[in-house]
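Chemist: Per TrEMBL, the features are:
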- B:34-55: transmembrane segment (TRANSMEM)
- B:67-87: transmembrane segment (TRANSMEM)
- B:94-111: transmembrane segment (TRANSMEM)
- B:117-139: transmembrane segment (TRANSMEM)
- B:146-165: transmembrane segment (TRANSMEM)
- B:185-204: transmembrane segment (TRANSMEM)
- B:225-244: transmembrane segment (TRANSMEM)
- B:256-277: transmembrane segment (TRANSMEM)
- B:308-329: transmembrane segment (TRANSMEM)
- B:341-359: transmembrane segment (TRANSMEM)
- B:366-385: transmembrane segment (TRANSMEM)
- B:391-408: transmembrane segment (TRANSMEM)
Amino acid sequence: MAATPLLELRGIDKSFGPVQVLHDVELSVFPGEVTALVGDNGAGKSTLVKCVSGIYPIDAGTVTFDGKQVSIHSPREAADLGIEVVYQDLALCDNLDIVQNMFLGREKTRGIVLDEPTMEQMAGETLASLSVRTVKSLRQLVASLSGGQRQTVAIAKAVLWNSRVVILDEPTAALGVAQTAQVLELVRRLADNGLGVVLISHNMNDVFAVSDRIAALYLGRMAAQVKASDVTHAQIVELITGGRSGNLGLPPEKPTDFVDITPGADQ
Amino acid sequence: MTTTLETAGGVKVVKPTVASHIRDYWGRVRGGDLGSLPAALGLVILVAIFGSARPDTFFSPGNFANLFNQAAGVTMIAMGLIFVLLLGEIDLSAGFASGVCGAVMAILLTEKGYPEVVALVAALVTGVVIGLLLGVLVAKVNIPSFVVTLASFLAFQGVLLNILGEGKNISIPDGFIKSLNKDSLPVTWSWILAIGSVAIFALVQFLRFRGRASRGLVTEPIGIILLRIAGIAALLLTTTAVLTQERAINTAIASLKGVPIAAPVIGGFLVLWTFVLGRTTYGRHVYAVGGNAEAARRAGIPVDRIRISVFVIGSFMAAVGGVMLVSRAGSVDPNTGGSSTLLYSVGAAVIGGTSLFGGKGKIIHAVIGGAVIAVIDNGMFLLEYSSGTRYMFTGIILLIAAGVDALARRRAAASGNR
C-alpha cells in the first residue's frame, strides 16, 4: 500500500456569498484504494467534488496532486491532470452510441475526419480492461443500455484517458441489486488497477463492501478519515449524523459555541 | 443461432450476418427508431396513386425532371433546418430569409449591374449574417428560438417589401444563376456524373470495410454492403436513364434532355452536409448538444458556439434555397420565400424523419421529405385540385408525419430505446 497520497486536499474553504459550505476540509486519496466520501445531504460532498474538478474555485487551502501543488480552474485542467468525475446524473447522450459517448469532446481525428476505427478499438480495449465482456455491439445506442451498463460506460469513459483519480458521485443510487453489485465490482477493479478512487455514497452497505478508507463530512467539516476496517457501521452513521463517535470525529461543541436566542434572555 | 466474435481488446460481440442485420433493423423500427422509412413508403404510395390516376402526364420524363426543379428550393432550406432541428430549436424565418437573400442577389445583378459571382456570394454572405444574428440572440441573449425567428419572420417580410418596393417584380438576366434551377446537363455529363457517383460510393464503402477489417473490428456483412451499392447504382442509373430521354414537346424547336442541374446541386449539398454531420467532430458535437446539452457541456463542448453555428448553417442554406427559388421563377417579388415555402421546408424535414424534439435527424431526410412534398404538389396539380385542397392535403401529411414522430418517441421510451 502506497504511503503517499495521490491527491491531497489541505484546509479547503469554500463559501457561496455569506454561506460557508466547506470549513478547513482535508482529504487524502491513495492510489490503489477506494476512499468513500460520506455525509448527509448538504454536508458539502458535491461542493467538494466540484472544487476538485475545477467547476468551483476554492477560497483557501491547497490541492496537492502527485506531490506537486496544483491549482485547478476548469474541468479540462482537472482532466489534463488525470482527475475524472463520473456524475450522478450520468453525463451521457442517449442519441449517441457507446464509442461516441466515451470519446465525447475528445474525439480522435485523422485530418478533419473522425477516426472511428481507432476510437472503437480504444473503447473496446478499455471496456475489456474493466472486464466488461458482453455488449451486443460497441455501436449500440446508449439509450438501449440498462442502468448498470450505462454506469459502466460512464466509468469506462472516465478511465479511457489514463486518468489517475476517478471520483464517482453516487454511482449506484439508481440501480437494482444485481447491477449495483456489478458496478461495485467495477469500482473495486479500478482501485486494483492502481487508480485512486473516491466513491460518494449514501449506502453504508456499498461503502463497507468496497472501500479501504472512509471520510465523513459533517456540516462542511471533515469529521474523520479512517480505515474502513477500523470502524463499524454504527460509528460511521454517528459520524454522518452527529459529526463524532466516541473519540472519533469533531470535538464536542462547548456551551460557548451556542448563541442564546431565547426571547428576552438578554434582559 | 448466433456466433460471437472477439473484437478490439477481446470484448465479445454478436457476429453480424445479413439476416441479423435485417433483424436488427426491423427491431429498431419496431422499437420506435423509424428514420425515413415512413416517408419512403409514403413516397412510393403517393407515386403509385398519382401515377395510376394520370399515367401519361405524371410518369412522363418531363414531369420527372420538373420534380427536381420544384423540390430544389424547399429541399435546400430543409437541409439547413435539419441542423436547427437537431438542437431542438426552430427557425421560422428561413422562408423570408431566403427571399431576402434572393432579392439581394437580384438587385445586385440588375440594378447595380454586378457580375453573377459577386451577386451569388453576396446572397450567401447575407444568409450567414442573418444566421449569426439569430444564433447570437438565441444562444447568448437566451431568447427562445421560436420567438426570435417569429419576430424575424415578420421583420424579413418587411425587409423584402422595402428593398423591392411594393408590388415590384425584378427579373434576373439569363446566365449561370438562371440556368441553375432551369436547365439540364448535357447527356454525356449526366452519365459521367451518375457513374462517377456510384463508383465513388462503392469505393468509399469498400475502403471503410477494409479499414475496419484490417484492425479486427466488427464489419458489416459484405452482403449488406453489396446490396447498398446495388441499390444506389440502380437508383442513380435508372434516374439518369429516364432523364436523358427526349422531353421536348416539339423537338424541331429545341431538344431537351439530360439531368436537371438542380439534381447535382441537391446531391452535392447532401454529400457535403452528410459528411459534416456524420464524419467530423463538429457534426458529432451537434448531435451531442441536441441529445443532452448538459452532458455536452461537461464534455467540454462549446455549447453556445454550436448553437450559433446551426443557425448560421440554417440561414446559409436558406440563402442557397433562395437562389434556387429565384432561379426557377426567373424573378424575385415580395412573396419569394413567402406563403408556403417555410412550412413546406419544415414539413420536408419532419416528413423525412427528423425529430422536432432534437438529437435525431439526417440530411437525407430533407431530400426524401422534399420529394414527398414536391410529389404531392405536382401530382395534385396534375389532378387539377385547387391550391386550397393541396394545402389541406399537405397539412394533413405533415400532421401524420409529426404524429408518427411523437408516437415513435412514445414507443421508444416504452421499449427503453429513447
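Sequential numbering from 1, following the chain as shown.
Each residue, glycine too, has its Cβ placed from N, Cα and C.
Automated prediction, rather than curation, is the source of TrEMBL annotations.
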Chemist: Do we see three or more Cβ pairs under 8 Å linking the transmembrane segment (B:117-139) and the transmembrane segment (B:308-329), pairs being at least 6 apart in sequence?
Modeler: yes
Chemist: Quick check for me: are there 3+ Cβ pairs below 8 Å between the transmembrane segment (B:185-204) and the transmembrane segment (B:256-277), leaving out pairs under 6 residues apart?
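Modeler: Yes, the transmembrane segment (B:185-204) and the transmembrane segment (B:256-277) are in contact.
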Chemist: So which residues does the transmembrane segment (B:308-329) touch in its own chain, when a touch means Cβ under 8 Å and the partner is 6 or more beyond its ends?
Modeler: 69-70, 72-77, 79-81, 83-84, 86-87, 89, 91, 94-95, 97-102, 105-106, 120, 123-124, 126-128, 130-132, 134-136, 138-140, 145, 172, 177-182, 262, 265, 269, 273, 282, 286, 336-337, 341, 345
Chemist: Spell out yes or no: are there three or more C-beta pairs under 8 angstroms between the transmembrane segment (B:256-277) and the transmembrane segment (B:34-55), with each pair 6 or more apart in sequence?
Modeler: no
Chemist: By Cβ distance under 8 Å, which residues at least 6 away from the ends of the transmembrane segment (B:67-87) in the same chain are close to it?
Modeler: 94-95, 98, 145, 181-182, 260, 262-263, 265-266, 269-270, 273, 277, 286-287, 289-290, 306-307, 310-311, 313-318, 320-322, 324-325, 328, 341-342, 344-346, 348-350, 352, 354-356, 358-363, 365-367, 369-371, 373-375, 377-378
Chemist: Tell me, please, if the transmembrane segment (B:146-165) and the transmembrane segment (B:94-111) are in contact, taking contact as 3+ Cβ pairs under 8 Å between residues separated by 6 or more positions?
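Modeler: Since 3 or more Cβ pairs under 8 Å link them, the transmembrane segment (B:146-165) and the transmembrane segment (B:94-111) do come into contact.
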Chemist: Using a Cβ cut-off of under 8 Å, list the residues of the same chain at least 6 residues beyond the transmembrane segment (B:366-385) that approach it.
Modeler: 36, 39-40, 42-43, 46-47, 49-50, 53-54, 57-58, 63, 66-67, 70-71, 74-75, 78-79, 81-82, 266, 270, 344, 347-354, 393-394, 397, 401
Chemist: When each of B:94-111, B:225-244, B:391-408 is checked against the transmembrane segment (B:34-55) for Cβ pairs under 8 Å, which one has the most?
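Modeler: The stretch with the most contacts is B:391-408.
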